[in-house]
Structures are given as structure tokens and as C-alpha cells.
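Listed in Swiss-Prot for this protein:
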type	residues	note
BINDING	200, 247, 414, 507, 508, 524, 525, 526, 542, 543, 689, 690	substrate binding site
BINDING	259, 262, 423, 426	Ca(2+) binding site
BINDING	367, 377, 443	Zn(2+) 1 binding site
BINDING	377, 415, 543	Zn(2+) 2 binding site
REGION	264-577	region 'NAALADase'
TOPO_DOM	1-7	topological domain 'Cytoplasmic'
TOPO_DOM	32-740	topological domain 'Extracellular'
């Protein structure tokens, strides 16, 4: 009997203990803490402070000096050795892995036995003038070998000969002016255009559409020579002997021209070279403004239509076609012998594995290859990426590990069409679209030294504002102020003077495949020029032999503090995205941006008010979808601030909705004629790859619509793209609703 009572007592104790446990569990489940504790917030902030404090300007300077001693053109031995050097350093920094990943892509190089040049020939076919083959090397670099001469990668081979026509910047509107207002036909002509305003590949495409048989590109002092500044090496201006290199593809996001949509591996089917995507069918060649002045001096024909067609050379900028007076029998001949060949390239991919969510990735990537020394483009970004990786490694050595996985990437062959980054995205597409939270670009960290410039998805606006308020400004006169304060004062948003300007993402760098094709939230930050006063395009010595370490050290960032600020911002962005319990995206900013973009495209359409009425075109569905998205974003935000941060399932569900929102704006069918540009809200402009356009499908349908051959079909296309945009936004709103 005593034994039975003992067993009963034991079972009663166990039952009571179980009941107590269940009661505690239920209380803990239903009475949810809504906020992170003050201690956890302070710890999170302290780690970020340690990260940014670890970064040193002197280290960035040292990396930049080391990486710019030799040229590192994609596909060359020097660039492979630089990849190995970066890989070795990443391992030394303490990254969990650092691997070389190769692809075999189509690249383009000058012919080593036949030099490219432009000539003027007389009636006897005698060449009476030739442009320069090479740029004179800067002091201290006279003995450096393997410097590629100025050329335009992927130009067609050929020796076309004909009359010359000056076409200003070779923009769409420039050719419209020539053809529609001035009656000048470029068919069968060689055209000469100045660099600037738009991507060089768009210039070549426009020239081909106009019927030109070749195009010469040059950097006019009006666009690449700042007033009261000496040419390099005495100043940072462009010497007259320098010529801008660059590819002239029109890939529209395809990656390797021979394997569009698929990674360029050994097993991959390849198109024939003559079938390659976006490869020009006409010769293209760049020259310096000293040589351009000679070609332009002899032009006859019509005077320039207005001052916007005049540069700063001592010539009349007559349009042509052909030369004037006694020189009218002379022609221009191009000599272009570039060779396209399949070449192996190498990315370096490093990782720090996450401790809680290793299957969620934040990518920090930038390209390594350059046309010559590349001290600004890209190596100011390479040096910054290296210092960020070192600083994260330092945190690791002290016991810290991120919540999510960080992927560091040193891309190859960006200058040849964003090839390294695109091929890696294609190879890993199934993983990336399921697991990637964000892509932060680490291309050039400076393109000027006036103020910060940020281009990013609206999801990142608030995070950028927050972090720049906590980073000291490197600008003179702002010693006791934040980066945010100097940025706001120098470059306020045109829509809201109380906020600094943030630009839309276009293309022109390695974020393209991740944002435009895969819908991964992306952003980039660097220092830039004063756009109000500095009217020159880009920085003057862009893509020339004169882009040296000394250029940066003497003129652009002597203290390296501006590059340090960029490193701190890029690094802090990665840290917050990888280690915040809730992904720090703000969906309400996206809703506000959609309102502004919808109003903007509608106002553009109102220039054709009568046609809108005649063809029954309405934007009501678009505005309705934007309204629904705004309401869904507001409801989501209310739920987000109430989520139980101690419930990992609830946190994961909300984070998945945040992560996948950008993906919701992707149309798998792509934009018309641009299969790999799939983002319905943002895309590179069809007329300038560098610029971002909102509602690109609608914008392109409306562009020049008054000159379309079939007005009914043209407006029908507008209706179609309004419908696609409305559906996409409505569907995106659906992804924000509470999970059933």
C-alpha cells in the first residue's frame, strides 16, 4: 500500500511539473515581448561601431597603391595574379572560404600586329593624316609593359571610307535633329561623336540605326576638361593625347554574348561569334581631342543648329557631310582590327557563414579588372572592399559571427559588359533568387570629391539615412558634422529639400543582374562631383592611362578620408542587413516612390492629352494598384512593429516577405526587346544604359509616339504596359498581406 501511494505521489508531482511547464510556455507564447531589449540594441550598435572604427584610411591607401602598380585588364595574366593576391588576403583576414570561380567568355582585344587608327586620305588614296596609336605614359610608368592602347572593345573589324558627319553626342535626339530638322542622312557616312551624356554603346547603336558605316568617339574639352585646372600630371584634367577606352556592346543584361542567360562554363552551348548578342556591326574607335580637332577643322556643310552642339575646341563644329573647300575631295578612313576571342576570367568569391540563418545571403561585390591602372575605376572600390573584408575578419577574430551569411565578390570582366558578375548570377540563379537579401555594389568609391552619391532601391532609403547620420563627414567645413548633414546641404532631393538626393538604379555596374534580372534589393554609394557647377562628364581621365595612384593621392582624396567614409557606409549597410533580427527594409518608402513614379509617367503622357482620349488610354488601373500597395504597405508596417522578436518563426515569416518584395516586381517575360531586364518599376533607359527609368515599359511605349507609323498600335502598346505595371504592383501588394 505504501509503495502504491509513493507511485501516486510521484505521478502527481510529474503532472504538476508538466502543467507548470505548459502554463509557462503558453504565457510566454501569448504574452509576447514586442521590442528588443535595450541591452541587445546597444550590443548590436556596439558591434557596428567596432566595425566602422576598425576601418582605416591608411589601409585603403596601401591597398590602392599595391593594386595599381600594374595594369590588370580582364583575361590577362596580371589580372589573374591580382585575383590570387586578393584570395590569399581574404584567407589571411579570416574569411571562412575564398575561392576562384572561372568562366570562358567572349572578350575583345586590339590586334597586336595591326594597330587601330583613323586617317584622312586624298584623291590618290594617300594617307595625309593619322591619329595617334598610343597614349604617352605618365611619369614613373615608362617601363610598364602590357598597356593596352586605346580601343573600343567588340568593335567590328573594317576599313570603311567615306564622308565625315559630326553628330554631337550621338543621342537619339541628336539623330532626330539631323534627320528630321536638318535633312542630313547619315547612311553610308562615317560619323564622329563626343563622349558624354549617354553610354557609348547607345551611341554606336544609334549610329547603326542611322545607317552609318563607322563611328569615331572622342572626349571634347567641353565635357572632360574642368576650367582653371591643368591636364594630368600637373592637374586632374584630360590631356589632349588621351583617349577613353570602353566596350560598345548593347547586351541589355545578357552577360557573355555567346551564352546569353546561361553561365559560360565548359559544358555550355555557345552561339557563333557573328551571332553574339549586342555586338556592333560597324567599326568604332576612340581618339584624343588633339586628333579630333584636326578631323573637325576641315568639316564643311551646315553650321551647328545651336550652342549645345558646340564643344570647346577651336573649330566651327560644322556638321558636314564631308570636308569643305579645297579639301572636299578628301575622305576619312577607319582602320580597326580588334580580335574577339573566348578567354578565361576569374571571380574571387569569399564567404563568412551566418550563425543563425546561414541560408540568407548579403552580397558585397565589385569588379577588379580595369582598362589600365584603374586607380579610380575600379580600384578605389577594390581597396574599399578589401578594407571592409579585413574589418569583418577582425570582428571574427574576437568571437563575433554574423546572423546571416556574407558573400564577398571580386568580379572579373566588368569592363567588357559586366561579365563576371552576370555569369556568377546565372550559374547560381536558383540559389540566389531563393536566399539573397541584398546586393551592395563596390565599384569606384570616388568619381569626384564633393559629396556623397547614393543609388538604391527605395527599400534602403531609411537605412542609408540612418547610417549616414552616424558616420562623420570627411568634407572640409563639416568637421563636427555627420556625413548625412554634408550630403543634405550639398545635394538635397529635388522632390523634398529636407532629405538628401537618392538616385534610381540604372546600369553600368555589377548590380545589374542582381537587381534588374533577379529582383534582389540593391544599392551603391560613392563620392561624386558637384553636379551644379562641374559640367564636365564623369571625371576627365576616365578609362585612360592617366588613372593612376598618384592621381588619387594628389588630387582626388589626399587624406583618403572620403574613401574611408564610403567604406564605412558600405560596410555598415552590409552589417545591418546581415545582423539585424528584422531585415531593415522600409516598405512605406517604396509605396511613396510608386506614387511619385506613377504621377510622373502620367504627367509625361498628358503631353498627348488628345490622343489619350482618342485611343481610350486610362491610368486609373495603375493609380488604383498603387493605392492598394500603399494600404498593404501600411498594414504590413503595423504588423511588423508588433512582431514577437523572440519567436523565430514569426521573425522568419516577416523577413521572407521583406526579402521577396523586390522579387515581386520581376516579370519573367522581361521588357520588350530586353529579356534580361525584368524589373517592371526600374530599368536602364533604352536611350542611356547608365540612367535609371521608372515604369520603363510605359516610358518606352510613349517615347516618340507621335512619329510612330501606326498610331493605333502604338497606343495599344501603351495600354498593354499600363496593364502589366498595374498587375505587377497589385501582385506585389498581395505578397505583403498577412500569411494565411
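Backbone N, Cα and C define each Cβ position, glycine as well.
Note that the structure is a prediction, hence the values are computed from the model and not measured.
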PLDDT averaged over every residue in the topological domain 'Extracellular' (32-740): 96
Reduced DSSP assignment, residue 377 (Zn(2+) 1 binding site): coil
Nearest of the binding-site residues (259, 415, 543, 689) to residue 377 (Zn(2+) 1 binding site), judged by Cα-Cα distance: 543
Residue, out of the binding-site residues 423, 443, whose Cβ gathers the largest set of other Cβ atoms within 10 Å: 423
For residue 542 (substrate binding site): intrachain residues, at least 6 apart, with Cβ closer than 8 Å: 224, 244, 376, 377
Residue 200 (substrate binding site), number of other Cβ atoms within 10 Å: 25
Rounded distance in angstrom between the Cα atoms of residue 443 (Zn(2+) 1 binding site) and residue 525 (substrate binding site): 9
Nearest-integer angstrom distance between the alpha carbons (Cα) of residue 414 (substrate binding site) and residue 262 (Ca(2+) binding site): 17
Rounded inter-Cα distance in Å - residue 367 (Zn(2+) 1 binding site), residue 415 (Zn(2+) 2 binding site): 8
DSSP-derived class (H/G/I helix, E/B strand, else coil) of residue 525 (substrate binding site): strand
Local Cβ density at residue 525 (substrate binding site) - other Cβ atoms counted within 10 Å: 27
Protein Cβ atoms within 10 Å of residue 508 (substrate binding site), excluding its own: 19
Cβ-Cβ neighbours of residue 262 (Ca(2+) binding site) (radius 10 Å): 17
Candidates 508, 525, 543, 689 (binding-site residues) - the one closest to residue 426 (Ca(2+) binding site) by CA: 508
Residue 508 (substrate binding site): nearby binding-site residues from 259, 262, 423, Cα cut-off 10 Å: none
